[in-house]
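Summarising the annotation, Swiss-Prot assigns disulfide bond to 73-230, 164-384, 185-212, 393-425. The N-linked glycosylation site annotation in Swiss-Prot covers 108. Look at Swiss-Prot and you will find 1-12 tagged as topological domain 'Cytoplasmic'. Taken from Swiss-Prot, the feature topological domain 'Lumenal' covers 31-440, and the record attributes it to sequence analysis. Annotation comment: Swiss-Prot describes 13-30 as transmembrane segment, evidence class sequence analysis.
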């Protein structure tokens with residue numbers, strides 16, 4: 001009897017042990033299954049698994065950007081003044097402590113591209129089929145501050161998009177090499193085939209974009225729209241939001257285009273010459289070709305592929321391009337004028353009803369010092385919480401809530417040397433929204 005009881009206990013023990021092992025294996029298999037379903041190398045963008053909360057959590061855990069400072073970004077994006085004040089105070093301390101990443105840092109970290117992309121948390125797969133089917137082209141003109149460039153590229157990067165980078169010929173060699181090292185890690189990012197020395201307010205700024213336009217049109221990527229950026233820009237929309245906004249344009253372009261003031265008209269009254277800087281001459285210019293009225297705007301555009309093709313190929317566009325080459329800051333009236341030219345795809349008539357301000361266009365959100373003031377008294381926006389450079393606000397954390405209320409795709413200017421916290425919070429906001437589709 002004792003032996004029989006012992007055998008029963010032994011059998012019962014083996015049964016419980018086997019059951020426990022089976023349950024453990026089942027849990028491991030379930031976890032492995034969930035992980036496999038969230039494997040970024042074999043994602044089905046339309047599957048329930050990819051859309052599941054569990055999968056999104058796994059993705060966000062792997063792609064969440066590491067916070068450099070303990071600040072309340074959720075509160076800052078909502079306009080919580082206590083969170084803003086704390087971040088501004090924190091920023092004063094950061095200025096004394098944190099130095100931006102150097103050219104050498106990027107030259108070293110990009111020796112192993114996979115490690116670089118993983119460590120810097122680049123999103124290396126499309127986040128939706130809608131984004132996959134609507135590639136965007138970028139013309140990125142840079143000349144300094146390598147960290148600004150890398151963080152901008154990371155923020156706008158998606159593997160289905162295509163990116164042309166133009167580096168100022170005058171930039172230091174170490175900067176050029178660092179840019180080359182970064183873009184060598186991505187098959188869809190390349191250096192412009194022709195580089196020019198960029199002189200402030202001269203034709204060369206336009207030529208840099210034109211060089212990228214030519215290269216991008218030769219790419220096999222079937223991009224739909226072109227956005228141009230500089231080193232102090234940053235997106236304020238996710239790639240998915242950009243795709244939606246561009247689809248809503250339905251082939252139209254979006255850029256500032258207004259009647260010029262008398263002061264602005266002086267920019268194309270006389271010819272300018274370029275050496276190492278732009279110089280005014282006493283030579284008067286002829287009227288613009290084809291009796292085209294000149295409009296004014298800014299350097300930034302959201303342009304359809306057809307618009308870009310006509311910039312480069314249409315004889316009337318080429319005549320206008322030749323005419324503006326010796327004007328002051330031609331990027332601020334060439335695109336604005338082409339946007340009103342009747343032969344340009346996606347343009348609008350030059351009737352006053354079609355004037356469009358920088359606040360109405362979606363290309364770029366900028367705070368101009370001369371327009372800042374009391375919103376309750378009619379000012380378009382409140383004073384800059386950062387500092388000003390050439391009468392333009394370099395944003396601080398106090399501007400972020402306002403920035404995110406606007407419909408623009410990108411904003412200008414940002415500089416981590418001025419306020420790194422606003423960039424950290426914007427990066428965190430965009431990454432969370434890209435993965436979950438919701439705000440912080």
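Backbone N, Cα and C define each Cβ position, glycine as well.
Feature annotations (Swiss-Prot) mapped to structure.
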{"residue": "73", "record": "disulfide bond", "DSSP class": "helix"}
{"residue": "108", "record": "N-linked glycosylation site", "DSSP class": "helix"}
{"residue": "164", "record": "disulfide bond", "DSSP class": "strand"}
{"residue": "185", "record": "disulfide bond", "DSSP class": "coil"}
{"residue": "212", "record": "disulfide bond", "DSSP class": "helix"}
{"residue": "230", "record": "disulfide bond", "DSSP class": "strand"}
{"residue": "384", "record": "disulfide bond", "DSSP class": "coil"}
{"residue": "393", "record": "disulfide bond", "DSSP class": "strand"}
{"residue": "425", "record": "disulfide bond", "DSSP class": "helix"}
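Highest local Cβ density among the disulfide-bonded residues 73, 212, 230, 393 belongs to 212, counted as other Cβ atoms within 10 Å over all protein chains shown. Here the candidates are the recorded positions 73, 108, 230, 384, 393. The one whose C-alpha lies nearest to that of residue 212 (disulfide bond) is 230. Fewest other C-beta atoms within 10 angstroms, among the disulfide-bonded residues 164, 384, 425, are seen around 384. Residue 164 (disulfide bond) and residue 73 (disulfide bond) are 32 Å apart (CA-CA, integer value). In this structure, the recorded positions 108, 185 were compared by how many other Cβ atoms lie within 10 Å of their Cβ, and the smallest count belongs to 108. Here the candidates are the disulfide-bonded residues 164, 185, 393, 425, and by Cα distance the one nearest residue 108 (N-linked glycosylation site) turns out to be 185. Nearest neighbour of residue 164 (disulfide bond) by Cα distance, taken over the disulfide-bonded residues 185, 230, 393, 425: 230.
When the alpha carbons of residue 384 (disulfide bond) and residue 185 (disulfide bond) are compared, the span between them is 37 angstrom. Of 185, 393, 425, all annotated as disulfide-bonded residues, the residue with the shortest Cα distance to residue 230 (disulfide bond) is 393. Rounded to a whole number, the distance between the Cα atoms of residue 185 (disulfide bond) and residue 393 (disulfide bond) is 33 Å. In this structure the alpha carbons, written CA, of residue 185 (disulfide bond) and residue 425 (disulfide bond) are 26 Å apart.
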